[in-house]
Amino acid sequence: MAGSLGKRWRSEVFAWGLLAPSLLFLAVFTFYPIWITGVQSFYTKNLAVREPVFAGADNYSQLFSDSLFHKVLINNFWYMLGTVPGALALGLIFALFANRALKLRGFVRVSFFYPNVIPMIALANVWLFIYTPEYGLLSRLTDMIGAGHTAWLGSEKWVMPALVVMMVWKEAGYFMIFYLAGLQNIPNDLYEAAQVDGVGKWRVFWRITFPLLMPTTLFVLVVALTNAFKTIDQLFIMTQGGPNNASNLLLYYIYQQAFSYWDFGAAAAATIVMIAFMLLITVLQFVGMDRKIHYR
Amino acid sequence: MALLRKVGLSAVIYAIAILWAIPLVWVVYMAFRPQSLSLSSGISLHFTFDNLKCVWEAAPFLVYFTNTLIIVIGIFAVQMVTVTMAAYAFARLAFAGKTIVFLVFLVQIMIPVDVLIFPEYMVLKELSLLDTKLGIMIPYFGSALGIFLMRQHFMTIPADLEEAAQMEGATKWRILWTIYFPLARPALLSFGLVSVSYHWNNFVWPLIVTNSVENRPLTVGLALFAKAAETGAQWSVTTAATLLVIAPLLIGFLFFQRKFINSFVSSGVK
């Protein structure tokens, strides 16, 4: 008895020992940062107030009355509304095409996927040139069709669509590979049965393919939503959030508050808002997972 | 008619694929194009290595390369150990609080380090690790994604293997490193590709942490270089620098595209 208890105890210690390194890094670099963000968000600390002073909810009330913060949230909302459906739909369409027996399937896959093995910062250099007013690829194209050109990234009207197009271009290929994997998991006899019954292609897509891809769609949706909030790299190269903050997004705003204006209270409060969005996306994922179970 | 439609569809998808490839083709084209021609709209076959040479001489790209290599290899080397250990505990050991610990790890996937740039900086400051390569690496030493991937793979390894080894008196610690670890090579390779490409491409975090040439990775170096050369006449130089930075991973991808793509797919299966 004592022996088996000792054994149990030893295996328990062994398991926790194996987990210890990972748990340590998790504690120091995920949980502790979240904790200090929470604490900091109730203190004032900036260039004028060097030592943190307790401020209650001041940082939050200032944040929510900051018109720039409003603008950033609205920008991020539009950015999300542009990139998420766009990239999902294109990813699915590409997958449907690429899944057909195409010669050169390798070329098609490489061509759609390569943006995802290149640093965003490098892509930003390339797209900066595509969007360059007079000599850029896009301007030359619009000139050619007689539509004239503009400073795409310098215009409050065009900067957001320009960033959305670039992100969709990058993400579509990434989502395509998940949809391709999802398509390969759909049993072929379903399609054969539909064919025997003479069901039209359009109906087959909406009744078989699309519902059976729901788990993939949910996963891809979560990734796309998260990416919309994580977007920051290209802003450094392409717009710096401008013109007139028309392309300023939440993470870039946090960066500016923390490292350009050294307003740590504001940065902390904005980070809490960011964490709230991340948790909201997780909730969405769990709700979605509950609903899709019967497809498995 | 059906054939015609099929050909038509293929043509459309190829056309889009070519459209997608234009930025890459353009980078390669511009990187080798003489500077004097960089603004001309004509297409010609003049090419030169001057741009690449100019980039190589103008900025310490060799240092940046070395730093990126040290960072990605360093992160993955530590991840291999931490991830293997934790994954084994989750896959093969019974212990109190397993479900809760599992959920605790999920938090890292829910709230990725990328969005915590500000508090992460504060932590690094407390640890006096600002402007060090270790500082760039350390937040990523534990990886919930890696743990989940490895755990899934470990669960497919037959338990008899372990029992046989135990009969011969091998300790669990030995079994982990002599049986499980080598058998997990495919999963490790998948995770490795995802980890390496992620950290090769990471930008904001090293930008915040580093402050000196000795510690900057390629991405930060490239951004600084592009900022310094932000005029039209410098296009060829900037694209040459861009090509230099993207080439290693891109070439790896072109050769092992199936492996790359499968790795990314498996990293998404939760």
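Cβ atoms here come from the backbone N, Cα and C positions, even for glycine.
Residues annotated as domain 'ABC transmembrane type-1' in TrEMBL: B:65-256.
Among the features that TrEMBL reports, transmembrane segment is placed at B:12-32 (among others).
For B:61-88 (among others), the entry in TrEMBL reads transmembrane segment.
Under 8 Å from some Cβ of the transmembrane segment (B:100-122) lie the Cβ atoms of residues 86, 90, 130, 139-140, 142-145, 147-148, 204-205, 208-209, all in the same chain and six or more residues away from its ends. According to TrEMBL, the transmembrane segment annotation covers B:100-122 (among others).
If you look up TrEMBL, you'll see B:134-154 (among others) marked as transmembrane segment.
The list of residues near the transmembrane segment (B:175-200) in space but at least 6 beyond its ends in sequence, with Cβ under 8 angstroms from a Cβ of it, reads 68, 71-72, 75-76, 79-80, 83-85, 88, 140, 143, 145-146, 149-150, 152-154, 157, 161-162, 165-166, 218-219, 248-249, 259-260, 262-264, 266-267. TrEMBL lists B:175-200 (among others) with the feature transmembrane segment.
Among the features that TrEMBL reports, transmembrane segment is placed at B:235-256 (among others).
Of the recorded ranges B:61-88, B:134-154, B:235-256, the transmembrane segment (B:12-32) has the largest number of C-beta contacts under 8 angstroms with B:235-256.
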